[in-house]
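Features of the protein shown, as given by Swiss-Prot:
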REGION    42-62  region 'Disordered'
COMPBIAS  43-52  compositional bias 'Acidic residues'
BINDING   99, 120, 127, 128, 129, 130, 131, 144, 188, 189  ATP binding site
ACT_SITE  246  active site, glycyl thioester intermediate
DOMAIN    353-449  domain 'Rhodanese'
ACT_SITE  408  active site, cysteine persulfide intermediate
């Protein structure tokens, strides 16, 4: 007898594999085009990317095209010709071509920034497109930096754009940052924030920092004038378990657009000396109530380890070790449980699924609504940690023979939940599904949605 469900799962898996192959082909073809362009220009592509030589000779006048293109900002009293020339001769480095970096780059290029550097180690995915507005469906699988450059050059072909399709780290940060006038931190992860802060302090570069999560955003400028640096405000990194990224907490695309656009504005103000730069202050945006708050933050810390008169840190360190987390926005897989407390999705599917058991999905209700396994019961991790689940499952918990299986999106929160319940009921058989729903899609049912 033909198993139609298995055939459909295999069909979907093959289509997904073909899409991945096409994306990889697009990426390889783009790399080939870049290499051929570099060869045609008589330069080695790696040298073009890595070069720390000075930027081209400053321009002393605007062209007719400049005047026509930028006329609406040229007529601003505090901007004018000199402001446009400063912008034309400026160089800005954007770290992270995601939800913040895309709108920031778009507005800087549109305004006439002469030289732009783009850093991103990652590739475009469909889950990026709702907020990373420079990328497109047909460029999924391509380097984010390269994808952004294509879109930006369509907007303004006069801008010189240099791509760094790699992870910025302690080994390359000083070399990459040195040629630029201003740096935008659009990375939105803690380890990279400390890295960029320290490098910018050592190189005396202003750092325009933005962040966005859920419906909220923040913006400030570090290391500008007599203002504080990031370490002045946060001398010690937060514990890893207290940090939430947009992959877990979610974010509304328009919020990243607002913060990214304001980062571009602050960069322009720094470059041309316009207005009151957001240094020594923090802008907090609440998208749910659409309220902006502008609060004053502490001044420079006299004993700051980086920006004080006698700094303790004079060279870049291992920031992943310092922060206890990776310098990316990817989820770090936890390893909290013993092997006998973990259950592979294939084993669950083949053996346990048909037997009596209790399957608890510890994701938030909004995520449970997106998709769920049959017969799973939604018990958010927050309910487990505050023990409010005990009343709901008192009878099941009395039965020590009833297996309890916990799952989540990627297999991290379920481990935390297993630890907590096991401490309460050590005699019970309580296990988590390794890899969560992502593993279920990859190993059992390719038609199950991934988010």
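Count begins at 1; order follows the chain as displayed.
Including glycine, each Cβ sits where the backbone N, Cα and C put it.
Structure coloured by features recorded in Swiss-Prot.
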{"residue": "99", "record": "ATP binding site", "DSSP class": "coil"}
{"residue": "127", "record": "ATP binding site", "DSSP class": "helix"}
{"residue": "188", "record": "ATP binding site", "DSSP class": "coil"}
{"residue": "246", "record": "active site, glycyl thioester intermediate", "DSSP class": "helix"}
{"residue": "408", "record": "active site, cysteine persulfide intermediate", "DSSP class": "coil"}
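Highest local Cβ density among the binding-site residues 99, 188 belongs to 99, counted as other Cβ atoms within 10 Å over all protein chains shown.
Cα of the residue listed as 'active site, glycyl thioester intermediate' to Cα of residue 188 (ATP binding site): a span of 9 Å. Calculated from their C-alpha atoms, the gap between residue 129 (ATP binding site) and residue 408 (active site, cysteine persulfide intermediate) amounts to 24 Å. Residue 246 (active site, glycyl thioester intermediate) counts 20 other C-beta atoms within 10 Å of its own C-beta, drawing on all protein chains shown. Residue 129 (ATP binding site): 15 other CB atoms within 10 A of its CB, across all protein chains. Note on the domain 'Rhodanese' (353-449): mean pLDDT across this stretch is 90. Within 10 Å of the C-beta atom of residue 408 (active site, cysteine persulfide intermediate) sit 25 other C-beta atoms, taking all shown protein chains into account. For the domain 'Rhodanese' (353-449), residue counts in helix, strand and coil come to 40 helix, 14 strand, 43 coil, using DSSP.
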